[in-house]
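J.: The domain 'Nucleoside phosphorylase' annotation in TrEMBL covers 41-249. Under the heading phosphate binding site, TrEMBL lists 81, 125, 126, 127, 128. Under the heading substrate binding site, TrEMBL lists 202, 204.
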């Protein structure tokens, strides 16, 4: 992207006196965005507000910034839609669940980075996902839809617009190299399938509606695996499409604690299956995913690139 700047593809913005980033409670007239955010180099996004606050606090400590990080303020405190925390050149933002929620956040985030005149920004989505083998970290090379196609379809007015979902290949390899020093989790590169639903859309049998058999589900998941899919979530296609169009280096890294081939029932953050007991999976997710993967894995990549720059 030109001079490393984040650019938007909307000619109408130039004619606006003010751009209000409504869901962030920020605006070009009410806030000095270049002063507030001009030093941002890395943006990490994830579904949970609490998780992204914890990640920002850990990055604050890792970067040796003043204070203990516990008093980091939610920049989006004026709205209850998203949470945003800043730790030096790292911005940590929650995006909620599903394509519509992350899409709104990405539109306003990219405009924010554009107005702040940020340069050479890398954005990484971190979080959990469903997968074939529990406990694996998946670095996404391509986001695919439910038909295993590398595309994101969006209805704009009355037209279906199809956009590419390929991600930055160099960044994939950089993140994989960073993971090699962390032995607690196996890490692999694979396709991530994005669905529009947590229950039927992902082949779960425990929703309020279910229109298929267990055998049909397993047959579909086998075809997905044969097509290169290694995990399933609900945000990857729109993330890849929007980041690519706006010239951002984007990457998705997901921990997959939920083994779809064993069971599809999740209750109160615990997997109900014969593979893990209730407490075991929560310990795996809470201790290892947050403290090992999200800190060691991602912070190593950030630190390496900050030193290089």
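Positions of Cβ are set from backbone N, Cα and C atoms, glycine also.
Map these features onto the structure and tell me what's around them.
T.: Mean pLDDT for the domain 'Nucleoside phosphorylase' (41-249) in the predicted structure: 89.
A simple way to gauge crowding: the CB of residue 128 (phosphate binding site) has 19 other CB atoms within 10 angstroms, across all the protein chains here.
Counting every protein chain shown, the Cβ of residue 204 (substrate binding site) has 19 other Cβ atoms within 10 Å.
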J.: When neighbour density is defined as the number of other C-beta atoms within 10 angstroms of a residue's C-beta, which of the binding-site residues 81, 125 has the lowest density?
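T.: Among the binding-site residues 81, 125, the sparsest Cβ neighbourhood within 10 Å belongs to 81.
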J.: Ten-angstrom check, please: count other Cβ atoms within 10 Å of the Cβ of residue 126 (phosphate binding site), all chains counted.
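T.: If we count other Cβ atoms within 10 Å of residue 126 (phosphate binding site), we arrive at 24.
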J.: Between residue 204 (substrate binding site) and residue 81 (phosphate binding site), how many Å separate their Cα atoms?
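T.: Between the Cα atoms of residue 204 (substrate binding site) and residue 81 (phosphate binding site), the distance comes to 27 Å.
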J.: How long is the line from the C-alpha of residue 128 (phosphate binding site) to the C-alpha of residue 202 (substrate binding site), rounded to the nearest angstrom?
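T.: The separation of the Cα atoms works out to 14 Å.
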